[in-house]
């Protein structure tokens, strides 16, 4: 009898564990599908929009990448909350997490500054993907403009990751107007060319 009860309990535990694994797998699969669909929609949207609006190619790439990042973070944040609800009562924790929430908010001030600065950089069109820039003391090409960081491929070949809130000075060489060099046309006197024929 003890053997039967023990095996029955083990079976129940395995079934419960299997159910949890299945739920988590389904949540992650759905999150992956939603993310892919969202990214495809964003790309399609900007392809259509680019035909009616004059976007610089770099700015378009930046907007696409930023929207894709937003979709990714939002979807997987929801997926994380959904997974946690399997194990703990999220609503109860959130209801009594006032002090913890304030601590987290205080600690996330840097992250908020990075995101806000990133949006200002984007919508003011300070620079975009592919632009040659000098940010603070780093000179190179913008590889990616994200929610939190900007990636610059330096002229030395190194990849630099700069948090957006640390960006204080920007020189965008892509927006520089080419200098027009005026050449003065000097009057060139016409010379008569005399052709001499040789007598053979």
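Backbone N, Cα and C define each Cβ position, glycine as well.
Where the annotation comes from TrEMBL, it is an automatic prediction and has not been curated.
According to TrEMBL, the feature transmembrane segment maps to 12-34 (among others).
What TrEMBL records for 69-109 is domain 'Mechanosensitive ion channel transmembrane helices 2/3'.
Within the chain carrying the transmembrane segment (70-88), a Cβ under 8 angstroms from the stretch's Cβ atoms is held by residues 20, 23-24, 27-28, 30-31, 34-35, 38-39, 42, 147, all 6 or more beyond its ends. What TrEMBL lists as transmembrane segment is 70-88 (among others).
According to TrEMBL, the transmembrane segment annotation covers 94-112 (among others).
When pLDDT is averaged over the domain 'Mechanosensitive ion channel MscS' (111-174), the result is 87. The domain 'Mechanosensitive ion channel MscS' annotation in TrEMBL covers 111-174.
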